[in-house]
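Novice: Before I ask anything, here is the structure I am working with.
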């Protein structure tokens, strides 16, 4: 049940500007440590501790027996561990290739909702389509400004707790695209080609265009020039009855792979698809969607970023395989959608922060009128078979749209300031609140996934912080018990927060359990040996079924990232804690009667307020 959509986000990354030395990217990368393989016994003991709040005593006892068998001297565990250690010795990162394959490229569900996150930017007020195009031009120039830093290797290295981080993901997000395959997808990246792409793609009314963003002398187009080119695109794509070819990318991966093979048999289609894949990134100029109340605006915007609102609206105005798609609606709804295989949220959000700052400070300056060529429209020959594939994709997209419920809430009572004033980690405080909210709804805790960054290591991606612990469960059980004194509740809260912080520190040092267990399992498959019973156990299935899939994605911009649940009866929870408020996105499926995004979101607000009231009851000196 390793599923790509589980694996997102990161922990507390802060950029630190460094002196810029051209060509230093490789030197920096080579200085990073390699991801360790944790000690086998340590992982197995920690795994049993993780199961304690999740399974019955009887199931746990059974798992202990299987684990003892797994750990017998000279047994399966030792053999697989040795195999992993050999792999770690040979490779730059023993996990990253396996991870990319199992978490993303082998995953056959649609990338829409199930894997690709969306980011909602603060609402903009465009009075007319000129406003939309003007902002789009500034945004494009801002992304290209960021690209220049990537190309020149002058991007400030980021740090986490004093350690420099792997910057590789920044080199994967531009000029790249996912490509469907019959059993496994792949990712193409043209950034390092002999002649890297010099154009972006723009889609409006389901029609794709190639927009060259560099002049013949190699300089970038100005904002004003980009604006004029976007005007041309807009004016030559006014027909609204075109086939939404992009909606094909929202299908189940095997279905899309078949349709893709069929689509690119035609030379024109193949060239058009390759242009989209090669382009630096895609900009979607969206049609306006029906207005909703201000309270519901952000939630509706999140849906636009995740799936486009359905085939009647903007779901066909996308190429969901494209790593980066910036979405700019005529009504001021702005944000982006990204395909998850090449990168986690933080590099994306770091780019967003740069771009948003750029759009604020950039004014459009009239540039000398150099005649620019008309942006080239990408043509598609639609056969009856492709038309049938498009109709099917529309139906399936609309089913997904009806099934997904997303609630974006701005928790305005406090932000990082309150937990920090009580010497508590804001992330741990929020995660414990989420455990309390879930416990109040279901009278139990569940397997919870929070992504932790492994970027302290070369080519590091993520591991799992398991937020459901025996300590968080003890706190949740006691919190609403009127017979328990306040001091006991505060002590249990502090213990739960500290336990979460300790697990986080362990995870970012490469000492968590989940990627290690995955490695042992994949090693067994590679060695063609029988799968150890500990991986065939019901406890393992419970541990891997994440009813809560969560991620903290901090940003300077007042934005929020969002993603779908990773199991049918689960929730996706993403949050951006600002100094004095917190932006949350909570998702669930309507088809599951047990889950309810609005209830969990409300429960989370209540839990945060109750926890604040609890700690405020204690005299400060004791904390």
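Just so you know, glycine gets a Cβ as well, placed from its N, Cα and C.
Checked TrEMBL, it gives:
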DOMAIN    35-605  domain 'Choline/carnitine acyltransferase'
ACT_SITE  340  active site, proton acceptor
BINDING   416, 420, 421, 422, 423, 424, 425, 426, 427, 453, 501, 552  CoA binding site
BINDING   449, 451, 462  (R)-carnitine binding site
Novice: What is the interatomic distance between the Cα atoms of residue 449 ((R)-carnitine binding site) and residue 416 (CoA binding site), given in whole Å?
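Specialist: Pair distance, Cα basis, whole Å: 21 Å.
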Novice: Compile a sequence-ordered list of residues in the same chain as residue 425 (CoA binding site), six or more apart from it, whose Cβ lies below 8 A from its Cβ; state 'none' when nothing qualifies.
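Specialist: Once residues fewer than 6 apart are set aside, residue 425 (CoA binding site) is near 419, 497, 500, 501, 504.
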Novice: Here's one to test understanding: among the recorded positions 340, 451, 462, whose C-alpha is closest in space to the C-alpha of residue 423 (CoA binding site)?
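Specialist: If we rank 340, 451, 462 by Cα distance to residue 423 (CoA binding site), first place goes to 451.
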Novice: What is the Cβ neighbour count of residue 449 ((R)-carnitine binding site) at a 10 Å cut-off, with all protein chains included?
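Specialist: Step by step: centre on the Cβ of residue 449 ((R)-carnitine binding site), count other Cβ atoms within 10 Å, giving 29.
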Novice: Given the binding-site residues 421, 451, which one is most crowded in terms of C-beta atoms within 10 angstroms?
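Specialist: Most Cβ neighbours within 10 Å: 451.
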Novice: Going by Cα-Cα distance, which of the binding-site residues (416, 421, 427) sits nearest to residue 340 (active site, proton acceptor)?
Specialist: 427
Novice: Neighbour count, 10 Å Cβ-Cβ cut-off, for residue 501 (CoA binding site): what number do you get?
Specialist: 17
Novice: Between C-alpha atoms, which of these binding-site residues comes nearest to residue 451 ((R)-carnitine binding site): 416, 421, 427?
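Specialist: For residue 451 ((R)-carnitine binding site), the closest Cα among 416, 421, 427 is found at 427.
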Novice: Within 10 angstroms of the C-beta of the residue listed as 'active site, proton acceptor', what count of other C-beta atoms is obtained when all protein chains are considered?
Specialist: 23
Novice: Between residue 416 (CoA binding site) and residue 462 ((R)-carnitine binding site), how many Å separate their Cα atoms?
Specialist: 23
Novice: Determine the C-alpha span of the CoA site listed in the record, that is the greatest distance between any two of 416, 420, 421, 422, 423, 424, 425, 426, 427, 453, 501, 552, in Å to the nearest whole number.
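Specialist: The span, Cα to Cα at its widest, is 25 Å.
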